[in-house]
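Single-structure report; data block below.
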Amino acid sequence: MPELPEVEVTRQGIAPHLVEQTVVDLIVRNASLRWPVPELAKQIIGQTIRQVRRRAKYLLIDTDAGTSIVHLGMSGSLRILPHDTPVEKHDHIDLVLANGRILRFNDPRRFGAWLWCQLPEEAHPLLEKLGPEPLTDAFNVNQLAAALAGKKKAIKLCLMDNHIVVGVGNIYANEALFAAGIHPEAEAGKIDIERLTVLVAEVKQILAHAIKQGGTTLKDFTNAEGKPGYFAQKLHVYGRGGETCTQCGNLLSEIRLGQRTTVFCGICQTR
């Protein structure tokens with residue numbers, strides 16, 4: 001599943017081609033995504049795209065009439081293409097621009113979404129209760145400590161909770177906890193402020209580095225140009241269960257935590 005870095009890489013790739021362009025058509029070939037695609041043509045045709053933003057793992061395409069909320073789901077991608085590019089299987093939506101380009105949404109597994117919001121996006125049900133962005137000052141050790149106070153849940157589950165901080169999915173939660181030396185099953189409310197300070201710094205550094213590397217390509221992710229990301233080459237624990245730790249040489253352990261694969265070093269990461 002594309003996580004925050006992959007969605008941000010997509011945003012950076014499509015934004016220069018969309019901003020200040022006028023929409024001349026919207027072609028929906030398959031409206032049966034995670035949620036049915038609403039009738040958008042009347043709202044969006046003729047509108048000029050003002051900006052392309054990201055909130056958590058959602059892309060927000062703003063016009064004066066409202067905002068398209070796009071989620072890539074498990075396998076979705078957005079690409080900028082010439083308008084006459086042949087349609088392939090799983091090409092579900094084309095946003096057609098006046099400059100002869102299209103924004104094409106491809107999603108083999110159809111867990112993605114393309115919705116419409118005329119409210120301030122902060123009031124949309126999908127967005128209104130989200131926590132702070134991890135790469136902003138709003139995500140800091142004081143905020144995290146307050147959010148974790150009294151919690152008995154495993155720290156990894158809390159780190160992946162979008163009400164606490166957005167966008168830290170399974171890949172980057174594994175990597176950040178390894179970098180911070182914190183066991184993924186450590187009781188969140190008992191982690192001291194010094195270790196939380198390190199964890200916040202590692203989350204920020206790892207996400208920023210992943211964005212710089214173009215995201216992580218494991219199976220499906222490609223950027224707006226159809227190219228893979230390269231952060232997978234730098235993963236220390238995710239997907240490496242049973243292999244040797246890059247720091248101490250111990251074999252990495254693999255467990256299921258919150259129904260997600262969790263990999264850690266029992267020597268380097270402590271409770």
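The backbone N, Cα and C atoms fix where each Cβ goes, and this holds for glycine too.
Swiss-Prot lists Pro2 with the feature active site, schiff-base intermediate with DNA. Other C-beta atoms found within 10 angstroms of the C-beta of Pro2 (active site, schiff-base intermediate with DNA) number 26, with every protein chain shown included. Under DSSP, Pro2 (active site, schiff-base intermediate with DNA) is assigned to coil, being neither helix nor strand in the three-state scheme.
The active site, proton donor annotation in Swiss-Prot covers Glu3 (among others) and rests on sequence analysis.
Here the Cβ of Lys57 (active site, proton donor) has 21 other Cβ atoms within 10 Å, regardless of which shown protein chain they belong to. Sequence annotations record features per position, and here Swiss-Prot assigns active site, proton donor to Lys57 (among others).
Over all protein chains present, the Cβ of Arg260 (active site, proton donor) has 15 other Cβ atoms lying within 10 Å. Following the DSSP three-state reduction, the secondary structure of Arg260 (active site, proton donor) is strand. As annotated by Swiss-Prot, active site, proton donor applies to Arg260 (among others), with the evidence given as sequence analysis.
What Swiss-Prot lists as DNA binding site is His90, Arg109, Lys151, and the listing cites sequence analysis. In the shown protein chains, 14 other C-beta atoms lie within 10 A of the C-beta of Arg109 (DNA binding site).
The zinc finger annotation in Swiss-Prot covers 236-270 and rests on sequence analysis. Sequence-distant contacts of the zinc finger (236-270) (same chain, at least 6 residues past either end, Cβ-Cβ under 8 Å): 154, 156-157, 160, 170-171, 174-175, 177-179, 181-186, 218.
Pairwise Cα distances among His90, Arg109, Lys151, the recorded DNA-binding residues, top out at 42 Å.
Geometry remark: Lys57 (active site, proton donor) versus Glu3 (active site, proton donor), CA distance 6 Å.
Residue counts for the zinc finger (236-270) under DSSP, split into helix (H, G, I), strand (E, B) and coil, are 0 helix, 13 strand, 22 coil. Arg109 (DNA binding site) has Pro2 as its nearest neighbour among the active-site residues Pro2, Glu3, Arg260, going by CA to CA distance.
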